[in-house]
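Undergrad: My questions will all concern the structure given below.
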Amino acid sequence: MWAVYLQGVLLGAAMILPLGPQNAFVMNQGIRRQYHLMVALLCAVSDMVLISAGIFGGSALLNQSSLLLGAVTCGGVAFLLWFGWGAMKTAFSKNIALTSADVMKQSRWRIIATMLAVTWLNPHVYLDTFVVLGSLGSQFADDARRWFALGTMTASFTWFFALALLAAWLAPWLNTPRVQRVINFFVGMVMWGIALQLARHGWQ
């Protein structure tokens, strides 16, 4: 069972490490040192729910419903374009709000709402958890499938907390106008690239 658990850890890490809306949001909250551990926890718990749904049967629903898959794709493209546009606006703005009073006025509930949108409207989350993990998990027996799911959840929890803590630790170097412009420009380009790739895949 440990081999199955390790397989889940490695596969979960491989899918969660690339930059996406979730990672970008956790990183930015870590840099601001604003509810970053709460955000990491909520992202990890959301992933746990999605992983469980995908591995224990939810993948069949998404694979069999072309209408649902199309709705997820269209919503995901729109969200990624909007997320990328916001990052680009920040990258090219004359005055970037760092850890100022205006930034800190964001309420806890607004941050939670943004985190939920970043997670649950991210099409790659469903692709990873429902299609990839669901397909692989279905190959295991019930006991082994639980260990596989636990391994992927371990990777998720470890990564989000490590990212939040590392970003908070590096905040003095990352929370500068120049670095923030570079980070937001890179995030915006990646989000638009993912949106284009997803739109082309959905069109096909």
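Our numbering is plain: 1 for the first residue shown, then up by one each step along the chain.
Each residue, glycine too, has its Cβ placed from N, Cα and C.
Sharing the features that Swiss-Prot gives for it:
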- 1-21: transmembrane segment (TRANSMEM)
- 37-57: transmembrane segment (TRANSMEM)
- 67-87: transmembrane segment (TRANSMEM)
- 111-131: transmembrane segment (TRANSMEM)
- 154-174: transmembrane segment (TRANSMEM)
- 179-199: transmembrane segment (TRANSMEM)
Undergrad: Check the transmembrane segment (154-174) against each of 1-21, 37-57, 67-87, 111-131 and return whichever range has the most CB pairs under 8 Å.
TA: 37-57
Undergrad: Among the recorded stretches 1-21, 37-57, 67-87, 111-131, which has the greatest number of Cβ pairs closer than 8 Å to the transmembrane segment (179-199)?
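TA: Counting Cβ pairs under 8 Å, the winner is 67-87.
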